[in-house]
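According to Swiss-Prot, the features are:
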SIGNAL    1-19  signal peptide
DISULFID  Cys37-Cys72  disulfide bond
DISULFID  Cys39-Cys60  disulfide bond
DISULFID  Cys53-Cys73  disulfide bond
Amino acid sequence: MNRMLIIFVVVTVFGLASGLGPNMPAPDLAKRNGKGCTCNDGTTTGIFWAGSCPGGWSYCKTMWYWVVPGECCTQK
């Protein structure tokens, strides 16, 4: 019984993760209320994104927010 429950949970999680991935809409960072950041040039401002910048956004600085590594991204 326990093995079947574990297998069911694992299959469900992987099924949802693989099924949702390609169909997820592009993030709307304007509505995200993200933390603002300043790029390396000191004048351009962007939004902190944990991990890497999403499509349509460009990298301008690597930074940390508390203990989360990420990038400061500006819209192209």
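Quick reminder: no glycine exception, Cβ is built from N, Cα and C everywhere.
Here the features listed in Swiss-Prot are placed on the structure.
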| residue | record | CB count, 10 Å |
| --- | --- | --- |
| Cys37 | disulfide bond | 20 |
| Cys39 | disulfide bond | 17 |
| Cys53 | disulfide bond | 20 |
| Cys60 | disulfide bond | 19 |
| Cys72 | disulfide bond | 24 |
| Cys73 | disulfide bond | 23 |
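You'll find the Cα of Cys39 (disulfide bond) roughly 8 Å from the Cα of Cys73 (disulfide bond). On a Cα basis, Cys60 (disulfide bond) lies 6 Å away from Cys72 (disulfide bond). Under the three-state DSSP scheme, Cys72 (disulfide bond) falls in the strand class.
Each residue contributes its Cα atom, and for Cys73 (disulfide bond) and Cys60 (disulfide bond) those atoms are 6 Å apart.
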